[in-house]
Amino acid sequence: MNIMLLGAPGCGKGTQAEQLVNKLNFIQVSTGDLMRKEISLNTRLGLKCQEYMNAGKYVPDQIVNQIVSQFLKNTNDKLIFDGYPRTLEQAKSLEQMLDLYNKKIDYVFYIDVNDQILIKRITNRLVCPLCKASFNLETRKPKQEGLCDFDNTKLVKRSDDSLDKVQIRLQTYKEQTLPLIDYFKTNSKFIEIKADDLSAEQVFNQIKGELKI
């Protein structure tokens, strides 16, 4: 069983992916992690990724898709796709790759949250620079103010979590990623979760209930 999580920045996709990995033993497909691994191994694809990143450019779909394809070839099912695909073209390429390895997306969960709530969540977010754990001054406060619950490292605010940058990210999401919702509505088991007033645990319980596991 493979699932996809869709939703705007700040909707809680990362938190749900973390829960699915920790509680239900799913494997998260992170294109960022996959690219960093290729770079650390100095592979041909890794060197290409590094070239684009050093220039401050997005790594082209063609390269990202090759890296994802390698991963899919050597991985069993029970995958979570979170943050990939971002565009319609990536989605179509992913379905072709999955088909090649006799895999498919079984469930697509769209976590829908109001823009004003998203902005408030993101601008209140703090992250641990060491373990990458995410906290929120509104919804997920650290046990000790300003410090990570897991390693006591001082929490920081991500540079792209400022109000102006959040607004740009939401606009980019609407232009590039919203079309995916219409696409997957007709291609997979599509489940929309209205999460404005739901806690992360309530969202997780809805997902778990749909998966029947």
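Cβ coordinates are placed from backbone N, Cα and C, and glycine is handled just like the others.
Range with Swiss-Prot annotation region 'NMP', chosen from 30-59, 60-89, is 30-59.
Each of the binding-site residues K57, V59, C148 was scored by the other Cβ atoms within 10 Å of its Cβ; the lowest score goes to K57. Fewest Cβ neighbours within 10 Å among the binding-site residues R86, R125, R158: this applies to R158. Ranked by Cα separation from G10 (ATP binding site), the binding-site residues K57, R86, C148, R158 are led by R158. Along the region 'NMP' (30-59), the predicted structure has mean pLDDT 89.
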